[in-house]
Amino acid sequence: GFGAGLGLALASSAFIGGSFVLKKKGLLRLCGRARAGQGGHAYLREWLWWAGLLCMGVGEAANFAAYAFAPATLVTPLGALSVLVSAVLSSIFLNEQLNVHGKIGCILSILGSTVMVIHAPQEEEVSSLESMAEKLKDPGFIVFAVCVLVSSLLLIFVAGPRYGQSNVLVYVLVCSAIGSLSVSCVKGLGIALKELFSGKPVLKEPLGWVLLVCLVICISIQINYLNKALDIFNTSVVTPIYYVLFTTAVMTCSAILFKEWQHMVLDNIIGSISGFLTIVSGIFLLHAFRDMPFSPSLLPLFLQPGRAQPHPPWSSADRHQACQHQPLLPPEDNSSQSAEEEEEE
């Protein structure tokens, strides 16, 4: 189960990252026709755009299925690899520049994902809808869900009208908090589908339908407020902040609801947190400095090509001459000063 979930999560990142490149490639082939940014729909005639949409659907389906086999603590952070795949493929097929910060960010994301895979919880705590129902009745999760709903309502109706246009955290926090509940619903529905394929009468269980309705509501709220954040603020600012807050909320919800960290030893907990923070650092470098040009002239002199030795070595005569005392005043000043002294005498 763990291997299947890991494979589905990696495949999901590959398909989703590739879908952005395919759709962008299809949009660039419009050649003067009405672009999407101008309200046109000519992209519907491009097979590359449809191929990208198909890849997006396959990636989301694989991500949906991954939650049924692997812990959410592992699946959710690995979603950052889709950003990495998209950045690398864009630099190859779309001729988009990937500067030094972006390359370092890609390497950090790969290293952090590897560390998280090694230290992630291997056993799944929830394997049926019955156990899912028992987890949902846990007082700790009920308190967490109530806090999420109350804080989201305060952000939407109190902080949103006042600070939503000036503070990027308002709408992103709404998306992240509600997203933690949506991932729990996705995980429950994934388990329900797994039981359905095994021949169990899942359709008669009311819990599956309740999870489906809650998932639709949560995703609708996420899409609404994420679009608001993207419309007001720069994408390079919203994306890394949203990833960090969303993943943190999901990991917290999973720790409370599914008790995924309960049987982990201390070194695995530290490894998972370290891997997550490494991915966060990589995503920040990849997005925050994406539009910043980085030329060799910005490097130190000893690292610039052709300028490894900016100054020739001193000879012994030059060194001896440099150590001698130099006159404080230039020669013309000394001559004028001596002339004034003679006049006074």
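Residue 1 is the first one shown; counting continues down the chain.
Glycine is treated like the rest: Cβ placed from N, Cα and C.
According to TrEMBL, the region 'Disordered' annotation covers 309-345. Residues annotated as transmembrane segment in TrEMBL: 47-67, 74-94, 100-120, 141-162, 168-186, 207-225, 237-257, 269-289.
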Self-check item: Residue numbers, six or more beyond the limits of the transmembrane segment (168-186), whose CB comes under 8 Å of its CB atoms
Solution: 64, 67, 72, 76, 145, 148, 151-152, 155-156, 159-160, 211-212, 214-215, 218-219, 221-222, 225-226, 228-229, 232-233, 237-238, 241-242, 245-246, 248-250, 252-254, 257
Quiz item: Can you say which of 100-120, 207-225, 237-257 has the most Cβ pairs under 8 Å with the transmembrane segment (74-94)?
Solution: 100-120
Quiz item: Cβ pairs under 8 Å with the transmembrane segment (100-120): which stretch of 207-225, 237-257, 269-289 has the most?
Solution: 269-289
Quiz item: To the transmembrane segment (269-289), which of 141-162, 207-225, 237-257 is linked by the most Cβ pairs under 8 Å?
Solution: 237-257
Quiz prompt | Contacting positions for the transmembrane segment (237-257) when only residues 6+ beyond its ends and CB under 8 Å are counted | solution = 71-73, 76-77, 79-80, 83, 135-136, 138, 140-141, 144, 168-169, 172-173, 175-177, 179-181, 183-184, 226, 229-230, 276, 280, 283-284, 286-288
